[in-house]
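Enquirer: Quick paste from Swiss-Prot:
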type	residues	note
MOD_RES	MET1	N-acetylmethionine
MOD_RES	SER11	phosphoserine
CROSSLNK	LYS15	SUMO2 cross-link
BINDING	GLY42, GLY94, THR95, THR96, GLY411, GLY482, GLU497	ATP binding site
BINDING	GLY42, GLY94, THR95, THR96, SER97, THR162, LYS163, GLY411, GLY482, GLU483, GLU497, LYS502	ADP binding site
BINDING	ASP93	Mg(2+) binding site
MOD_RES	SER170	phosphoserine
MOD_RES	LYS222	N6-acetyllysine
MOD_RES	SER243	phosphoserine
MOD_RES	SER244	phosphoserine
MOD_RES	TYR247	phosphotyrosine
CROSSLNK	LYS248	SUMO2 cross-link
CROSSLNK	LYS249	SUMO2 cross-link
MOD_RES	SER252	phosphoserine
CROSSLNK	LYS381	SUMO2 cross-link
MOD_RES	THR430	phosphothreonine
MOD_RES	THR459	phosphothreonine
Amino acid sequence: MMGHRPVLVLSQNTKRESGRKVQSGNINAAKTIADIIRTCLGPKSMMKMLLDPMGGIVMTNDGNAILREIQVQHPAAKSMVEISRTQDEEVGDGTTSVIILAGEMLSVAEHFLEQQMHPTVVISAYRKALDDMISTLKKISIPVDINDSDMMLNIINSSITTKAISRWSSLACNIALDAVKMVQFEENGRKEIDIKKYARVEKIPGGIIEDSCVLRGVMINKDVTHPRMRRYIKNPRIVLLDSSLEYKKGESQTDIEITREEDFTRILQMEEEYIQQLCEDIIQLKPDVVITEKGISDLAQHYLMRANITAIRRVRKTDNNRIARACGARIVSRPEELREDDVGTGAGLLEIKKIGDEYFTFITDCKDPKACTILLRGASKEILSEVERNLQDAMQVCRNVLLDPQLVPGGGASEMAVAHALTEKSKAMTGVEQWPYRAVAQALEVIPRTLIQNCGASTIRLLTSLRAKHTQENCETWGVNGETGTLVDMKELGIWEPLAVKLQTYKTAVETAVLLLRIDDIVSGHKKKGDDQSRQGGAPDAGQE
């Protein structure tokens, strides 16, 4: 007869949790993350101050920036942090709402799991609800004329009012709109707006925020290579290279055996002739400026200076691409292949200015720039970083509207309208699925509720009146005024959000809730003791099954 010995399948230093315990653990982790972020929603949002491991300070109310800095251990919480990053990369805004919404979706599901309802039932109800949420959103959305700059500024302003930069909202809105319109590129009827690549934000501490501006061109943190080169050139002809103007060394180690003294002189002479040839290839096109990503030797500088050409070396590849887009030049790999149409003539001015202790090269007044630089000034690095984050959000909002010119009302109005539509629809449903379906409508109310809480108004009274308002005809644009905590019509207040952001928020929130409800087992592998000593403070790796 076999003895009743336990059979060990998993290695002894792994920890396994399964069933209800895991689901409630996941839900609590998601709720905890949502609670951290909750106070960062709306115009009356609070800021968070975070210290990173290196001792740097981050002050922000941007959901994604906060979660990026927090070190999270629980695997479910990690996936919550991940969705805020996805939201930021996809649409650039709504990072706070998506976390709060996902947390609330899981929170309302907990009640059904306690009543022994199977997660699959809850999931299929959530999926149905998501389809209806999307169709309702599209119904209440309105088209927008993207050439109406007042309306565009209004939309960007709705995004900026919740940020630290709201004091300078008109300046920030104009900067964002100008920058996005500048980098907009249409080809064969296809719009391309690449903010990350072509709209660079340069932060220079000093001055005041009002000094910030958009440059019609590019600014790089470089000086000329030779002190006698020109520093102010009008209508410059610009040549861009990604090769070095130095003597080419052999790819692998090269040995040369010399027997006579003249041979040594000849080798040096060949080096000089090679560099002279490179420079002559460039000089024959009569450029005013040569910009290269690699080095320029002293001899090459001498030849270029004699030809009255300004040279700038070791420019970043990304900056070189921006200069090419701004002045219409083409980046060339070999100077001997340079042709007239590779020369950029679109820039109006090249000048070198000293700001603080550093020299900056400005290539501005471009005729038709498809790249720009946003110059930010401000009191300290922390403030500048926060302003940059806010501006990135504003530019993303602008980009979303240009690519998909559909708007939905902000201030929690869309959420209430969608919640009302779901509640009405659930009345016609039968079977057990109607309860989780109705719970989604309840979860959506978390956005207006949080807005009311953050301005310190009475939550229950206002939410009840808002619910009542949405049962009336043509009242789907009523929401919460985040400044005063009163109910207003968003049409009159002018608070609009791009449809693309809202759709992405709902999809991501529901998908995350569904993903976390599906998990019923977590197996975490613990580190070996010796490993733990050497890397103390590191979170244990947790795998999900």
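One-based numbering along the chain as shown.
Keep in mind that glycine also has a Cβ here, set from the backbone N, Cα and C atoms.
Situate these features within the shown structure.
Expert: In the three-state DSSP classification, SER11 (phosphoserine) falls within coil. Cβ neighbours within 10 Å of SER11 (phosphoserine), excluding its own Cβ and spanning all shown chains: 9.
Within 10 Å of the C-beta of LYS15 (SUMO2 cross-link) there are 12 other C-beta atoms, taking all protein chains into account.
In sequence order, ILE37, CYS40, LEU41, SER45, ASN61, ASP62, GLY63, SER84 constitute the residues six or more apart from THR96 (ATP binding site) in its chain with CB-CB distances below 8 Å. A helical conformation is recorded for THR96 (ATP binding site) in the three-state DSSP classification.
All protein chains included, THR95 (ATP binding site) registers 27 other Cβ atoms within 10 Å of its own Cβ.
For ASP93 (Mg(2+) binding site), other Cβ atoms within 10 Å of its Cβ number 30.
Counted within 10 Å of its Cβ, the other Cβ atoms near SER170 (phosphoserine) come to 10, all protein chains included. SER170 (phosphoserine) carries a helical DSSP state (H, G or I).
DSSP classifies LYS222 (N6-acetyllysine) as coil under the three-state reduction.
For the recorded site, SER243 (phosphoserine), the DSSP three-state label reads coil.
Counting only same-chain residues six or more apart in sequence, the Cβ atoms lying under 8 angstroms from the Cβ of SER244 (phosphoserine) belong to THR292, LYS294, GLY295, ILE296, SER297.
Sequence-distant neighbours of LYS248 (SUMO2 cross-link) (same chain, 6+ apart, CB under 8 A from its CB) are TYR274. In the three-state DSSP classification, LYS248 (SUMO2 cross-link) falls within coil.
Other Cβ atoms within 10 Å of the Cβ of LYS249 (SUMO2 cross-link) number 9 in total over all chains.
Secondary structure at LYS381 (SUMO2 cross-link), as computed by DSSP, is helix. Around the Cβ of LYS381 (SUMO2 cross-link), 12 further Cβ atoms fall within 10 Å across all displayed protein chains.
The Cβ of THR430 (phosphothreonine) has no same-chain neighbour under 8 Å that is 6 or more residues away in sequence.
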Enquirer: In whole Å, how far is THR95 (ATP binding site) from LYS381 (SUMO2 cross-link) when you measure between their Cα atoms?
Expert: 23
Enquirer: Nearest of the recorded positions to GLY411 (ATP binding site) by CA-CA distance, picking from SER11, SER97, LYS249, THR459?
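Expert: Going through SER11, SER97, LYS249, THR459 one by one, the closest to GLY411 (ATP binding site) is SER97.
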Enquirer: For GLY94 (ATP binding site), which residues in the same chain are close in space, meaning a Cβ under 8 Å from its Cβ, but six or more apart along the sequence?
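Expert: The list for GLY94 (ATP binding site) reads GLN87, GLU497, VAL501, LYS502, GLN504, THR505, given in order along the sequence.
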Enquirer: Quick one: which of these recorded positions, SER11, LYS163, LYS222, SER243, LYS249, THR459, have their CA within 10 A of GLY42 (ATP binding site)?
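Expert: Checking each Cα against GLY42 (ATP binding site), the hits are LYS163.
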Enquirer: Measure from the Cβ of TYR247 (phosphotyrosine) and count the other Cβ atoms within 10 Å, all protein chains considered.
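Expert: Its Cβ shell of radius 10 Å holds 16 other Cβ atoms.
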Enquirer: Taking only the Cα atoms, work out how far LYS15 (SUMO2 cross-link) lies from ASP93 (Mg(2+) binding site), in Å, as a whole number.
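Expert: Distance between the two Cα atoms comes out at 38 Å.
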Enquirer: Does DSSP give THR459 (phosphothreonine) helix, strand or coil?
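Expert: THR459 (phosphothreonine) sits in a helix per DSSP.
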Enquirer: Return the single residue from the recorded positions list (GLY42, THR459, GLY482, GLU497) that has the minimum number of other CB atoms within 10 Å.
Expert: THR459
